[in-house]
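Peer 1: Okay, here's the structure, questions in a sec.
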Amino acid sequence: HQIHLLDPSELLRPEPTFADKNPSKFRDYSVDTEDPLKERVRRTYRQMHLNQTVDFVNGKHSTILYIRCNVYQRPPLASGRRARWLKFNTIKMTVREALEKLNDLVDESDPDLDLPNIIHAFQAAERARSEFPQHDWLHLTALIHDLGKIMAFYDEPQWAVVGDTFAVGCRWGDSIVYRDESFEGNPDGENPKYNTKYGMYAPNCGVDNLLMSWGHDEYMYSVLKHNNTKLPDVACNIIRFHSFYPWHNGGDYKHLEAPKDEETKKWVLIFNRYDLYTKSEVVPDIEALWPYYQTLIDKYLPGVLEF
């Protein structure tokens, strides 16, 4: 079916009635040392920006620096996350089982919501269903977009699971949250192979050829492909790049875009209406919604998946 895309400029300025709070109040990363939620978010990003390097993501051994009481501590070397997770040998479960597992997860990087992630999944899915009732693949995409966060239950720290993503192997985008201070100590910033505008990439190589910081986006995209999902490619790309805010929202990395990336960006911006602006304290009736969403799971991602 033909889908009429929304103007991306409008997607960044939704009407206040679209959310339970003014859209300007979302994604507030201001520093307030007296606010426990804001400090939790800032600490999560500090760990992420300190430790997410090319070697950490790509399979070589890297030294990880943890911050505890302002002291750097060096635990044992960690293998690259792609090597660790893309074997898909962690657990087997259905989509529903994975979603229900998110009942026990609160995203430590999210300044907008302090509720279990499964609630956000249904909030996003129901908004997509309301706006595009005829496109069931989009409803399921919204429901499962954060399923990769199950890594947090299998010894992956949240700073390598949640939060905004960014490209590693080139200069960090200017719009990355806490950009001015939180990358201090990351060795890629001192590496001439990685700290320039293009770094290890060619001009206009395309966002799908970037090595992204490790997190739930790239993992769930890989899980979908590994399990031969029947979701369309656009759905998989939405999941892969929905947290790449420095690109689709901040305007960074344009020099690495390929022409085809503009279409991906449009879809991600459409999806962000459901991902970002539906976060609220209003809890959907999940049990009543399960039968409908189970039909979509059976259609596009049935059975037991390998994670």
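Including glycine, each Cβ sits where the backbone N, Cα and C put it.
TrEMBL does not curate its annotations; it predicts them automatically.
Features from TrEMBL:
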BINDING   R27, D107, E108, S109, K149, G163, D164, H242, S243  substrate binding site
BINDING   H120, H145, D146, H216, H242, D275  Fe cation binding site
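Help me picture where these features are in the structure shown.
Peer 2: Contacts of H242 (Fe cation binding site) defined by a Cβ separation under 8 A and a same-chain sequence distance of 6+ are given as H145, D217, V268, F271, N272, D275, in order along the sequence.
H216 (Fe cation binding site) has a Cβ environment of 28 other Cβ atoms inside 10 Å.
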Peer 1: List every residue in the same chain as D146 (Fe cation binding site), at least 6 positions away in sequence, whose Cβ is under 8 Å from its Cβ.
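Peer 2: Residues satisfying the criterion: L102, N117, H120, A121, H216, M220.
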Peer 1: Around S243 (substrate binding site), how many other C-beta atoms are within 10 angstroms of its C-beta?
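Peer 2: Result for S243 (substrate binding site): 27 other Cβ atoms within 10 Å.
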Peer 1: Excluding H120, H145, D146, H216, H242, D275, please set out which residues of the same chain place their CB within 8 Å of the center of the CB atoms of the Fe cation site, keeping sequence order.
Peer 2: A121, A124, A142, K149, D217, I239, S243
Peer 1: Across all the protein chains here, work out how many other Cβ atoms are within 10 Å of the Cβ of D275 (Fe cation binding site).
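Peer 2: For D275 (Fe cation binding site), the 10 Å Cβ neighbour count is 21.
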